[in-house]
């Protein structure tokens, strides 16, 4: 049975709960409807099922509890508790997530949407500005029948402004919701939140650290646009030191065979050594270059990013030095291959000239749209399982 067929079948939903909470091994089979969050049962000794520590068994009226019931024949890779960093995914899990995302495109095309997450609440805690990530997560939740508790600027308009710790905020918010989507200005904040929470946490960007859901939609987009992931050549351009999207993308692309990455950036924002060392350890070929035209002529994907002014603090002279050095324009398009695409995590400023938008190889708005499907898939898998 494929993941998509599991998703489309309404005959049975199976999940498991935190094994720390009980010595009882149980399973919950709920017929013909998704689980509400009204009841939680616990199981332990679940290694045989590939059950991870925070997986939940959510069930409601009409649920049947059985002892030692077999679950889906899936491995540890399919148990998803949190989405914190790109390294946590293996290739099989990526393929499974993409399969669910494709099924979500059909739901998106249905004007009535879906009610599979009816009764679930998602809390968005955003300590940094966001348009696409926050709105796409909120849209994803609502299109699946769930509801949203939102904070647009938690750094200024929440108890964080009064000095409350992130951990205390998470402990409070998890009492109001079933899943937390967190964007924070500190690298590592999402990992701290996940260690604190007993509900799923999704990292929507932690400072210059990572942005795993963006990387998932990026790889999903590359596969849809280019038709393959093995053997691709990708040029990462712009702010590679502060851009969390390129870090997460590099980690994910390392899962595929015969990939080559090119790093094109001003000297002050070069790719950090930890990424280079990781790629080398995985046998991924990478090369630094100062010639965008040459790299663009070789690549399947030119992944442009903005220079992140907010990360420079008072060193604005360095920002001005970096800004405008590498711009995707008509000259770059002329040397690109016909099948190649330009991608960008957005927002874009002047690093892509406006007339590039009209070229069919400009994939960044299609890329943003794919974010909805990936985030719908993540919410479904984290809250209901496969």
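Just so you know, glycine gets a Cβ as well, placed from its N, Cα and C.
For reference, Swiss-Prot has these:
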BINDING   132, 133, 183, 211, 244, 306  UMP binding site
BINDING   132, 133, 183, 211, 214, 346, 347  carbamoyl phosphate binding site
BINDING   162, 244, 306  L-aspartate binding site
TRANSIT   1-39  transit peptide
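Features as recorded by Swiss-Prot, highlighted on the structure.
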| residue | record | contacts (Cβ under 8 Å, 6+ apart) |
| --- | --- | --- |
| 132 | UMP binding site | 346, 368, 371 |
| 133 | UMP binding site | 183, 204, 205, 211, 213, 214, 371 |
| 244 | UMP binding site | 205, 206, 207, 208, 209, 210, 211, 214 |
| 306 | UMP binding site | 238, 239, 344, 347, 348, 349, 351 |
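Largest Cα-to-Cα span within the UMP-binding set 132, 133, 183, 211, 244, 306: 19 Å.
Under the three-state DSSP scheme, residue 211 (UMP binding site) falls in the coil class. For the binding-site residues shown (211, 214, 346, 347), fewest C-beta neighbours within 10 angstroms: 347. DSSP assigns residue 183 (UMP binding site) to a strand in the three-state reduction.
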